[in-house]
Amino acid sequence: MIAGGELAALPPQAPQPAGTPALVVRRLGCVDYEPTWHAMRAFTDARSADTPDEIWLLEHPPVYTLGQAGQPEHLLRDVGIPLVKIDRGGQITYHGPGQLVAYLLIDLHRRGLKVRELVTLMEQAVIDCLAGYGVGAERKAGAPGVYVDGAKIGALGLRVRNGRSYHGLALNVDVDLAPFSSINPCGYEGLRTVRMKDFGIADDVASVGEHLLTALQRLLPPVYPAGRPPA
């Protein structure tokens, strides 16, 4: 597991010369939640108009996170897993080993994206990734995320500051689902959760991460120099 201090020391990208890639991908392994959150915020605060966007692929040790709309009563019982109150949208969720997390540090204006469009893009990337494994997944009206036969397999939550996003999405690969029984996932009582392993998929988190990354890269609009697509 990468130490929090190492992650927090990731340097913000300085203004970049022409030809710099529009997207930097960091594969971070299993990293503690709070240092990762602080590093995302620091990156977002320090970035300039020329800083390349980044996607961080990783896992977290067991942790519950409670978004800005979260209500503490959705933590049904104390099972010894830390609870962290954070600044993303949404309610309570669980992260743990075996769950793929992708954080999207994106300049929305530069790619001509609105917040709702980025949310839809993330959902579609998960749907496309699962389709590549032969699993049919879908959205659910009024309940952000990705579902298979009504059970949640992918969660998402964002924070946007000055037109720049951080946080992102989580996809259950072979994560232990037991901790979800101690919460109302995303604020929904009795919501079932599933993982890719339940459908006979043996790929590990790193392998699934590469498939998800391909889907995200395919769906993300290019960086437009003027900050918006040409008319």
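Going from the start of the chain as shown, residues are counted 1 onward.
Glycine is no exception: its Cβ is also placed from the backbone N, Cα and C atoms.
Listed in Swiss-Prot for this protein:
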type	residues	note
ACT_SITE	C186	active site, acyl-thioester intermediate
BINDING	R88, G89, G90, Q91, I92, T93, Y94, H95, A155, L156, G157, G168, L169, A170	substrate binding site
DOMAIN	49-224	domain 'BPL/LPL catalytic'
SITE	K152	site 'Lowers pKa of active site Cys'
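Shown here: features listed in Swiss-Prot, placed on the structure.
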residue	record	DSSP (3 states)
R88	substrate binding site	coil
Y94	substrate binding site	strand
K152	site 'Lowers pKa of active site Cys'	strand
G157	substrate binding site	strand
L169	substrate binding site	strand
Local confidence of the prediction over the domain 'BPL/LPL catalytic' (49-224), expressed as mean pLDDT: 92
Among the substrate-binding set R88, G89, G90, Q91, I92, T93, Y94, H95, A155, L156, G157, G168, L169, A170, as the record gives it, the longest Cα-Cα distance in Å: 16
All-chain count of other Cβ atoms within 10 Å of G90 (substrate binding site): 22
Cβ neighbour count (within 10 Å, all chains shown) around A155 (substrate binding site): 25
Cα distance (Å, whole number) from L169 (substrate binding site) to K152 (site 'Lowers pKa of active site Cys'): 12
Residues satisfying Cβ distance under 8 Å from R88 (substrate binding site), sequence separation of at least 6: T65, G67, Q68, G157, L158, R159, H167
CB contacts for L169 (substrate binding site) [other CB atoms within 10 A, all chains]: 24
Y94, K152 as recorded positions, winner by CB count within 10 A: Y94
Around the Cβ of G157 (substrate binding site), the count of other Cβ atoms that are within 10 Å: 25
